[in-house]
Amino acid sequence: MPDYDIVLLDVEGTTTPISFVHEVLFPYILDNVDRFLEAQWQDPTVQEHVRAIADQANKDAQAGIVHAIPIDLDTDTPEEIRQKVAVNVRWQMKIDRKIAALKGLQGYMWRFGYTGGQLQGVMFDDAVQAIKKWSADCKVYIYSSGSVEAQKLIFGFSDHGDLLPCISGHYDTNIGLKQESQSYTRIAEDIGIPPSRIMFISDNENEIRAADQAGFQTVVSVRPGNLTLTESAKKNYRLTSDFTELI
Ligand SMILES: [Mg+2]
């Protein structure tokens, strides 16, 4: 029997190549955001996401962030709002901002891409094999800075079929930032299991350190295209490039 009850997985650089996000998902947003906003403008969910982006942009502008252009939903025309939202989305993505308002709109756009057959989630073979085995023996959860919506799409429309039946739950930055130890404490509390019974796998050593501080078991995922690890990470943490070794 494994010495853990829960496996908590990062996505980018862990189950899925980093290149998938930067070479497929992000360009899909950048290429389609203007057209999408115009075509789906009447959709109430699009309006909700636009409101969230506007609130964030107005907060950023008040905080004196140079590139944040305020968006006035009462006085700007729909064309002006769409244009400002598109500019805001491109700026936030350029600086790789992990903010809930941006992630929400991205996730909603990706749903159109996946269900329309333009996008498919890329998974490492060994990760899929391990996830299937783990889901029979223990429980698999996902914790990614990509929104829960985006996670469900990658796993639901993967190049290995629908993997969602193997996943017991999803967390994103709504529970807290991935490099903060309290986020992992909250996840353990939410699942209702001691931190020491959870094995967290991620490519990011700052996330691994935060999970380790919260008392989780940790494994660093080593994949082609991931950032080079520091010597201290190599020395202090268990590393793997094949998840079937962890089963
Ligand atoms: Mg990652």
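Indices start at 1 and increase along the chain as displayed.
Backbone N, Cα and C define each Cβ position, glycine as well.
Cross-referencing LYS94, LYS132, LYS178 with the substrate binding residues that TrEMBL gives (SER144, SER145) picks out LYS178. Mg(2+) binding, as stated in TrEMBL, involves ASP10, GLU12; the candidate among ASP172, ASP190, ASP203 given for that site is ASP203.
Across the structure, SER145 (substrate binding site) and GLU12 (Mg(2+) binding site) are spaced 9 Å apart at their Cα atoms. For the pair LYS178 (substrate binding site) and GLU12 (Mg(2+) binding site), the C-alpha distance works out to 13 angstrom.
Not one of the binding-site residues listed as SER144, SER145, LYS178 brings a Cβ under 6 Å of any atom of ligand 1. Each residue contributes its Cα atom, and for GLU12 (Mg(2+) binding site) and SER144 (substrate binding site) those atoms are 8 Å apart. Local packing around the Cβ, expressed as the count of other Cβ atoms within 10 angstroms, is greatest for GLU12 among the binding-site residues GLU12, ASP203.
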